Amino acid sequence: MLAMSSEALVVPSAPENTPTCRPLRLGVLASGSGSNFAALAEAIAAGELAAQIQVLIYNNPDAFVAERAKQWQIPSVLLNHRHYPNRESLDAAIVETLKAHEVEWVVMAGWMRIVTPVLLNAYPQRVINLHPSLLPSFRGLRAVEQALAAGVKITGCTVHLVEEEVDSGPILVQAAVPVLPDDTPQTLHARIQVQEHRILKQAIADIAARQAQRS
Ligand code: GAR
């Protein structure tokens, strides 16, 4: 039987992350605060992750993630979805921006838009998403609230490859987080986010290690 600490149980990851010859060129999509973006930027700056953030794309003009990009001197581009007639045209602008910044892998780190084949076909099997639940449970919006409403005793977070159906696709890394009796959406989400920062870095390290083995 698996033992679980009061903090979290992380399952599973590649056995060893070997150093890569060339950093993975990432494009990050984010809509809000950007704590996951910051966790990635910090790990890269500390030399813990063989990757580089080529560009941040954000869709809300006042998203705090834009401040974080400035702080880390990472190029950022605002693509406000309200200025595009449909999801496909927003995704076409995203792809153009990612290509212009020579992005190889796309990281949806708190990206609150549904993506279309326009993006997925431009980066086949190279778009990853972070979701605040143990998928396939609690897909879609307000996943933390959904978990509390369902009365589950364990929830968590997932990094997965993105497929067209919302919050679906092969799972890369998950972490379990116990739900405490007096949890509110805020307290539970805060503990989930601690694990998100960790598993997002882990998923990217695993991808970088696999890429290094191939090259
Ligand atoms: C994260 O908790 C992420 O799991 C969630 O948005 C938050 C962004 O936090 N994403 C989704 O709900 C996507 N369906 P951050 O802006 O502090 O990184």
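Note that Cβ sites are derived from N, Cα and C of the backbone, with glycine treated the same way.
Feature annotations, courtesy of TrEMBL:
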- H131: active site, proton donor (ACT_SITE)
- G34, S35, N36: N(1)-(5-phospho-beta-D-ribosyl)glycinamide binding site (BINDING)
- R87, M112, R113, I114, V115, N129: (6R)-10-formyltetrahydrofolate binding site (BINDING)
- 25-204: domain 'Formyl transferase N-terminal' (DOMAIN)
- D167: site 'Raises pKa of active site His' (SITE)
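Recorded features from TrEMBL, shown on the structure.
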| residue | record | Cβ within 10 Å |
| --- | --- | --- |
| G34 | N(1)-(5-phospho-beta-D-ribosyl)glycinamide binding site | 24 |
| S35 | N(1)-(5-phospho-beta-D-ribosyl)glycinamide binding site | 18 |
| N36 | N(1)-(5-phospho-beta-D-ribosyl)glycinamide binding site | 24 |
| R87 | (6R)-10-formyltetrahydrofolate binding site | 15 |
| M112 | (6R)-10-formyltetrahydrofolate binding site | 14 |
| R113 | (6R)-10-formyltetrahydrofolate binding site | 16 |
| I114 | (6R)-10-formyltetrahydrofolate binding site | 12 |
| V115 | (6R)-10-formyltetrahydrofolate binding site | 23 |
| H131 | active site, proton donor | 25 |
| D167 | site 'Raises pKa of active site His' | 20 |
For D167 (site 'Raises pKa of active site His'), the three-state DSSP class is coil
Taken over the domain 'Formyl transferase N-terminal' (25-204), the predicted model's pLDDT averages 98
Around the recorded N(1)-(5-phospho-beta-D-ribosyl)glycinamide site (G34, S35, N36), other residues with Cβ within 8 Å of the Cβ centre, ordered by sequence, are A30, G32, S33, F37, A38, A39, V65, R68, A109, G110, Q193, H197
In three-state DSSP terms, M112 ((6R)-10-formyltetrahydrofolate binding site) is classed as coil
Within 8 Å of the Cβ centroid of R87, M112, R113, I114, V115, N129, the other same-chain residues by Cβ around the recorded (6R)-10-formyltetrahydrofolate site are M108, W111, V166
Cβ neighbour count (10 Å, all chains) around N129 ((6R)-10-formyltetrahydrofolate binding site) is 25
In whole Å, the longest Cα-Cα distance within the recorded (6R)-10-formyltetrahydrofolate binders R87, M112, R113, I114, V115, N129 is 17
